[in-house]
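> Provided herewith is a single structure, encoded as structure tokens, for subsequent inquiry.
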Amino acid sequence: METTVWIWIVIGVLVLAAVVAAVVIVSRKRRDTREEKDRHEAAELRRRADQERVEVQRQEAEAARVDAEARLAQAEADARAADAAELQARAHESTERATDSRKELDDHLRHADTLDPAGADAPKGEHRSAAPTDSTSADQTPTGGRTEAPTSDAPKGEHRAG
């Protein structure tokens, strides 16, 4: 019995070794197949990433171009705003100078009217050539709205002193 038992033990060990070898071979094939599949999938993902990279770079370039246009437009708008502010300041200064000149002119005319009241009613173009013609009402004139020359005892052309 000893020989048969040993034969069966050897056969069992060989069968067990064959089963283990088969399991190892099958698991390696599965692993190799899975690794090959993973390599193909990784290669496909890299190919897609390369294609997407080109699109992303195009989008980034477009975004940079639009940003540059926006900055240029903002700079132009700022320049126009600065020009407008400068023009407004110049217009304000010009208006102030004109107002000051108008006041000075009115002061001169009032002084002239005090020196020669008869000249205040002189026809247009003589003593009052610089007076405004469009919006000045009779109450705004230096003579207080008079339309006739003041009556005087002095003959025409003579002026009373005083």
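Cβ from N, Cα, C; glycine included.
The following feature annotations were taken from TrEMBL:
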COMPBIAS  32-70  compositional bias 'Basic and acidic residues'
COMPBIAS  77-114  compositional bias 'Basic and acidic residues'
COMPBIAS  132-144  compositional bias 'Polar residues'
REGION    30-162  region 'Disordered'
TRANSMEM  6-27  transmembrane segment
> Determine which residues of the chain contact the transmembrane segment (6-27) at the Cβ level, with the cut-off under 8 Å and only residues 6 or more beyond its ends counted.
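Cβ under 8 Å, 6 or more out: none.
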> Per DSSP, how many helix, strand and coil residues does the compositional bias 'Basic and acidic residues' (77-114) have?
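Going through the compositional bias 'Basic and acidic residues' (77-114) residue by residue, I get 38 helix, 0 strand, 0 coil.
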